[in-house]
Ligand SMILES: *Cc1c(COP(=O)(O)O)cnc(C)c1O
C-alpha cells in the first residue's frame, strides 16, 4: 500500500544526504537514521500518524526553503517568487481537484494554523462592520493600537459550537488551552450516553438555543462517520457558518470512502485539514472553502501565519498528486476495512469499544474493565512494542490525564501493507498485553493510576510476535541506508 517508489534511487538519495548532513552535525544524521529504525520496528497504531512517501519526504529538503513568499500566487510581498508560485498553484490545483473544492489555501503550517486562518476568515466575512472591514483590509503590520481595539470591539461576543472534548472533539474547537477558547464563547455538543453516537436532534436543539456564529463538526477521537448534510441543515437553520475540521479523516474523503452526505467539502462553508494524518502527506495544514470565503482565507499569511514554507507546499503538491491516483482509493478503503477488522478482533475477545465499533480509521478502547487506566494501558502496550495513545472516553471518570481509554488507528500500518488478518492478530496481541497488566497498589491500598506490573515474559513474547508481522510488511521496502 506504500506509494510505489524506486528503492535504488531513494537509497542513494538518502545515503548521500546523510553523508552531507553527517559531515556537519553527526548527531542529527544519527538521529535521522535511528528514527527510520524506530519507525520500522514498532507497531504504530497512533491514529493521527502515517508514513509519507520518499518522494513527498525528499521534496522537503531543498532551496525552496530559502525563499520568502508572503502573499498569494502572483501577488507577493517579495521579488523572485515565480517558482514558489508554480509550487503553490500546483498544490492548490491538486487539492481542488482531489476534493472537488472551489478554493484551496495550502499555506497553513499545521492543522491548528489552518483552523486559526478559518476562524479569522469567518469572522472577517460574517461580521458586518465598516471598522472591521477597514482594519482587516490592512496589512497586519499597519494596524495601529486603535485599529486593534476597534477590531476586538467590532467582533463582539462571538460564539462557537463544537463537539465536546470527551466525545472526541479537538481543543482548537473553542477550548481553553487554544486561542479559540479566548476568541469565542464556546458551547459543546456531546454524544448519546447509551450509544455513544452523535444525536443530531440534540445538536440542533443546542444550536437553536446557543445561536453560534460558527458550528464546527470534526473530531480526533470519534470512531464514526458524521452526516455533514444534516450538520449543514442545522447551521442554516440558525444562521451559522458550518466549518468542518477533517484533520483526522481527510484521507477517507480523498479516497472516496466518505462520499455524499459524509463528504464534508460540498456541505461546509469552510473545511480545514492537516495533510500528514490519513492523507499521508507532509506535516502541514490546508483550508478549503466556498468562493465567498476565499478572499478572507487567502489573507491567512500574514494575518495569523508566518511566511509560507514553500518546500512543504511543494511536498503537499506531491502527496496530493499521489492521493489523486486510483491506488489511493484502494488504500483508503483498506484503512476503513482494517479498522473494522481491528474493532471486531478486539470486541470478540471481550474489549469494550466506545460506540461498539468503527466507521472510520480509528477505534477507541475503554480499558476500565481490565481495572486499569488509559495511562497504564498505553505504557504497558509500549513496553511490548505497541505504540498507541491514551485518550479520554465520554464522561471519563479518570479525566483527561490518566483517562480510561486508548485510541488506535489503521492508517500507518495499512501503508505498510497490513490487511484484515494482520489486524486481527494485532487485536490478539493487544488483548494479551491488556489482560496481563496489574495496577500497583499504593501505600494507601488504592490502585495506582500510573504504575503497574506487566506479567513476566509478555513484553518479549509480544515483541517477537509483532516483529514477525513487521518483517512480513517492511516499511519502505528496499530502502537501505548502508
Ligand atoms: C490533529 C488535529 C489538529 C491539529 O493539527 P496540527 O497539525 O497538530 O496542528 C486540528 N484539528 C483536529 C480535529 C485534529 O485531529
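The backbone N, Cα and C atoms fix where each Cβ goes, and this holds for glycine too.
From a predicted model like this one, the values you see are computed outputs, not experimental measurements.
Per TrEMBL, the features are:
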- 165, 169, 170, 171: (6S)-5,6,7,8-tetrahydrofolate binding site (BINDING)
- 24-125: domain 'Serine hydroxymethyltransferase-like' (DOMAIN)
- 158-429: domain 'Serine hydroxymethyltransferase-like' (DOMAIN)
- 277: N6-(pyridoxal phosphate)lysine (MOD_RES)
- 276: site 'Plays an important role in substrate specificity' (SITE)
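Proximity of the binding-site residues (165, 169, 170) to ligand 1: a Cβ under 6 Å from the molecule is found for 170. The binding-site residues considered are 165, 171; of these, 171 has the fewest other C-beta atoms within 10 angstroms of its C-beta. The residues of the domain 'Serine hydroxymethyltransferase-like' (24-125), classed with DSSP into helix (H, G, I), strand (E, B) and coil, number 59 helix, 9 strand, 34 coil. In this structure, the recorded positions 170, 277 were compared by how many other Cβ atoms lie within 10 Å of their Cβ, and the smallest count belongs to 170. Taking Cβ-Cβ distances under 8 Å and a sequence separation of 6 or more, the neighbours of residue 276 (site 'Plays an important role in substrate specificity') in its chain are 49, 50, 52, 282, 283, 284. Distance between Cα atoms for residue 165 ((6S)-5,6,7,8-tetrahydrofolate binding site) and the residue listed as 'N6-(pyridoxal phosphate)lysine': 19 Å, as a whole number. A separation of roughly 16 Å, to the nearest angstrom, links the Cα atoms of residue 169 ((6S)-5,6,7,8-tetrahydrofolate binding site) and residue 277 (N6-(pyridoxal phosphate)lysine). Taking the centroid of the Cβ atoms of 165, 169, 170, 171 as the (6S)-5,6,7,8-tetrahydrofolate site, the other same-chain residues with Cβ within 8 Å of it are 162, 163, 164, 168, 172, 173, 175, 219, 220. Each residue in the domain 'Serine hydroxymethyltransferase-like' (158-429) has a pLDDT score, and their mean in this model is 96. According to its DSSP assignment, residue 277 (N6-(pyridoxal phosphate)lysine) is coil. Reduced to three states, the DSSP call for residue 171 ((6S)-5,6,7,8-tetrahydrofolate binding site) is coil.
Distance noted between the C-alpha atoms of the residue listed as 'N6-(pyridoxal phosphate)lysine' and residue 170 ((6S)-5,6,7,8-tetrahydrofolate binding site) is 15 Å. Within 10 Å of the Cβ of residue 169 ((6S)-5,6,7,8-tetrahydrofolate binding site) there are 24 other Cβ atoms, across all protein chains.
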